[in-house]
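Input: a single structure, listed below in structure tokens.
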Amino acid sequence: MGGGGGGSGDVAKAVAAMVVVQVIFAGVNIFYKLAVSDGMDMRVLVAYRYLFATAFVAPLAYFMERKNRTKLTWRVVVLSFMCGLTGGSLAQNLYISGMKLSSATFASATTNLIPAVTFVLAVAFRYERLGIRTSSGQAKLAGTLVGVGGAMLLTFYKGADITPPWLLHGGHDHGHVAAAVQQPRLAMGSVLCISSCCLYALWLILQAKLSREYPFHYSSTALMCAMSALQSVALALLLDVPEDDKRRWRLGLDIRLACVAYSGVLASGAMLVLLSWCVKRRGPLFASVFNPLILLLVAVLSSLLLAEKLHLGCALGAGLIVVGLYAVLWGKAREQPPKVADDHRLLPIAVTDVVVVPQIDPATNGGSPT
């Protein structure tokens, strides 16, 4: 997945990669909801996710980068710890807790705040240029605002039920899941999900920094997953410890094993490497603007598998989100490639398309918070 940072072929690869990432992350949201509805402890779920991810990525990192990998420094270790906390253990625990109090579709809707938060942070940390007087800058700003507006419309406006009858039939086997979300505590759930999204946006910025400090995608991803695993296991062992502690860690051939295997190997293993490459090539804002696609996928999958209904507000909000996404992509495409900065200095304020030797997720991910 090499190539230059400004060619149309490189843009096409990055777009295709991010679409794949969001499809996988959408599946995490569904697996999360099914596992939690089955009674799986949330903190144990997150801990297993990153244990599986570490076991998957670490061997790849060893064999694929052992000849070129440079020596670890304390700075890289600290950055990996912060990435594991903001994009892994803490973010995922908050997200899955918020999803438990609401629904998979609602939790996915809150992730659409990530592009706006990432845009503000990227400008503040000089990974993006605002350029409000240029057409590209105006398109990025307008696209971000339109996307957030679509997310707000989806969240606060329900509207008529537009669920196709054939979709409703797909959710009968999971009626207990639908019943579990009939009376969601949306206030607390939304606070938890939004907090997770803010951490995820911060992770994108930190990931870009880590990628520059340690430009080895497999190794940096393995480090982050290992840090997330240690943090998540510590949280699971220290908080809300029941009497039968061993039983809550037991996995069988059921939805729980499928959930941690899918989210760990795919979402936090393979997809994190792919996502790291996209952050390096196109910047943190580019990676964040694809999050709205999760909502479209989760809305359909939730109707099929979780018996959640589709409403008019979802369709209208999703339409605005897609318009905002294309506006940001158009603005990014109109920007001029930045000059390469020294690897050991902060990127200049003009940097937009390429983050110099930088490496968030995969998840990760989320689902969702992811």
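The backbone N, Cα and C atoms fix where each Cβ goes, and this holds for glycine too.
Unlike curated entries, TrEMBL annotations are predicted automatically.
On a predicted model such as this, the values are computed, not experimentally measured, just so you know.
Copied from TrEMBL, the annotated features are:
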- 14-154: domain 'EamA' (DOMAIN)
- 188-329: domain 'EamA' (DOMAIN)
- 12-32: transmembrane segment (TRANSMEM)
- 44-64: transmembrane segment (TRANSMEM)
- 107-127: transmembrane segment (TRANSMEM)
- 139-157: transmembrane segment (TRANSMEM)
- 186-206: transmembrane segment (TRANSMEM)
- 218-239: transmembrane segment (TRANSMEM)
- 255-278: transmembrane segment (TRANSMEM)
- 285-304: transmembrane segment (TRANSMEM)
- 310-329: transmembrane segment (TRANSMEM)
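Helix, strand and coil residue tallies for the domain 'EamA' (14-154), in that order: 117 helix, 0 strand, 24 coil [DSSP]. Secondary structure counts, DSSP: the domain 'EamA' (188-329) has 117 helix, 1 strand, 24 coil. Confidence across the domain 'EamA' (188-329), taken as the mean pLDDT and rounded to a whole number, stands at 80.
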